[in-house]
Amino acid sequence: MPQFEIPEQQWAQVVEKKGGPVVFKQIPVQKPGPDEVLINVKYSGVCHTDLHAMKGDWPLATKMPLVGGHEGAGVVVAKGELVTEVEVGDHAGIKWLNGSCLACSFCMQADEPLCPHALLSGYTVDGSFQQYAIAKAAHVAKIPKGCDLETTAPVLCAGITVYKGLKESGVRPGQCVAIVGAGGGLGSMAIQYANAMGLHAIAIDGGEEKGKNCRELGAQAYVDFTTTKDLVADVKAATPDGLGPHAVILLAVSEKPFHQAVDYVRSRGTIICIGLPAGAKFQAPVFDTVIRMITIKGSYVGNRQDTQEALDFFARGLIKVPIKTVGLSKLQEVYDLMEEGKIVGRYVVDTSK
């Protein structure tokens with residue numbers, strides 16, 4: 001078993017009060033408990049959820065002070081005495097779901113994210129915007145040794161989340177899926193997972209740069225909501241028979257796209273809600289929902305099996321992660337870009353900088 005020298009202090013980005021900003025400072029390195037591992041985080045993806053955690057604008061209380069982040073890829077450097085499924089030296093990832101009880105009805109039916117005792121990385125427990133992070137061994141993502149940690153990091157939330165959403169939609173090879181918010185970090189991977197699963201991807205977002213990116217990633221069509229005169233008609237026209245997509249994956253972080261989806265989804269189609277606009281409501285006309293037999297579902301991250309499946313697509317080279325890497329010290333600048341809607345693809349922070 002390899003031995004690692006573990007420092008007493010480390011660099012981290014800490015939210016010291018609700019609303020932020022983050023403070024780049026040194027904090028102690030924690031020791032893992034009996035069922036936990038300590039991961040030397042090399043890279044961490046930056047997710048819109050991290051911004052919500054800093055701002056505290058979700059109806060779920062955050063830990064304070066808080067180290068955010070839940071897409072941490074690194075190396076296991078220590079483990080508790082009860083841990084047998086993970087070894088020191090393994091490549092592993094910290095996900096949104098840091099731990100669960102493994103004993104409730106949800107955990108026993110592979111719905112661990114719904115566990116009433118779930119621990120959430122970078123929200124209810126400290127996450128991956130630090131050089132050394134703790135996670136329950138049963139829930140760490142096992143990253144194949146051949147995978148590049150820098151590009152693996154965003155798969156640990158964005159990849160798993162959109163892959164699970166596509167599974168929940170029930171779409172089959174040859175069918176069409178509309179991806180709303182396709183130019184962002186989740187959307188860029190959703191397009192690729194859709195292609196890998198044999199689906200026709202219709203990308204919906206705003207701006208020429210995002211359109212170019214979506215087409216390069218394999219979207220069969222791109223609908224620009226900033227220039228279209230009739231979004232509903234354009235989305236339907238992008239499907240082979242003009243009847244609309246079989247499923248809609250809503251990754252948007254504003255409310256309006258959720259209302260629009262009912263108008264263009266195919267009859268007997270499924271709308272999957274993933275994006276979490278603060279304070280938003282989903283309003284759908286009851287008449288249309290009933291007579292067109294529309295299904296509306298929420299999809300929330302993924303379980304342990306979903307995690308390994310999503311990573312397998314990546315390990316086989318079917319998913320490319322378009323990233324921009326900056327030092328951990330620049331995290332607040334990434335949040336500022338996120339607030340302004342200027343992010344294309346996914347930002348990753350390097351914890352060594």
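From the backbone N, Cα and C atoms, a Cβ is placed for every residue, glycine too.
A coil conformation is recorded for CYS47 (Zn(2+) 1 binding site) in the three-state DSSP classification, outside any helix or strand. Long-range Cβ neighbours of CYS47 (Zn(2+) 1 binding site) (same chain, at least 6 residues apart, Cβ-Cβ under 8 Å): HIS70, GLU71, CYS157, ALA158, GLY185. Residues annotated as Zn(2+) 1 binding site in Swiss-Prot, with similarity to another entry given as evidence: CYS47, HIS70, CYS157.
The feature Zn(2+) 2 binding site is assigned by Swiss-Prot to CYS101, CYS104, CYS107, CYS115. According to DSSP, CYS115 (Zn(2+) 2 binding site) sits in a coil region rather than a helix or strand.
Marked as NAD(+) binding site by Swiss-Prot: GLY181, ALA182, GLY183, GLY184, GLY185, LEU186, GLY187, ASP205, LYS210, ILE274, GLY275, LEU276, ARG346. Remark: GLY187 (NAD(+) binding site) has VAL162, ILE179, VAL180, GLY181, ALA203, ASP205, CYS214, LEU251 as non-local neighbours, by Cβ distance under 8 Å and separation of at least 6 in sequence. Classification of GLY187 (NAD(+) binding site) by DSSP places it within a helix.
Cα to Cα, GLY275 (NAD(+) binding site) and CYS115 (Zn(2+) 2 binding site) are separated by 20 Å. The residues near the Zn(2+) 2 site, meaning same-chain residues not in CYS101, CYS104, CYS107, CYS115 whose C-beta sits within 8 angstroms of the mean position of the site's C-beta atoms, are SER100, LEU102, ALA103, SER105, PHE106, MET108, GLU112, PRO116, HIS117, ALA118, in sequence order. GLY181 (NAD(+) binding site) counts 25 other C-beta atoms within 10 Å of its own C-beta, drawing on all protein chains shown. Around CYS107 (Zn(2+) 2 binding site), the same-chain residues at least 6 positions away in sequence with a Cβ under 8 Å from its Cβ are SER100, CYS101, CYS115.
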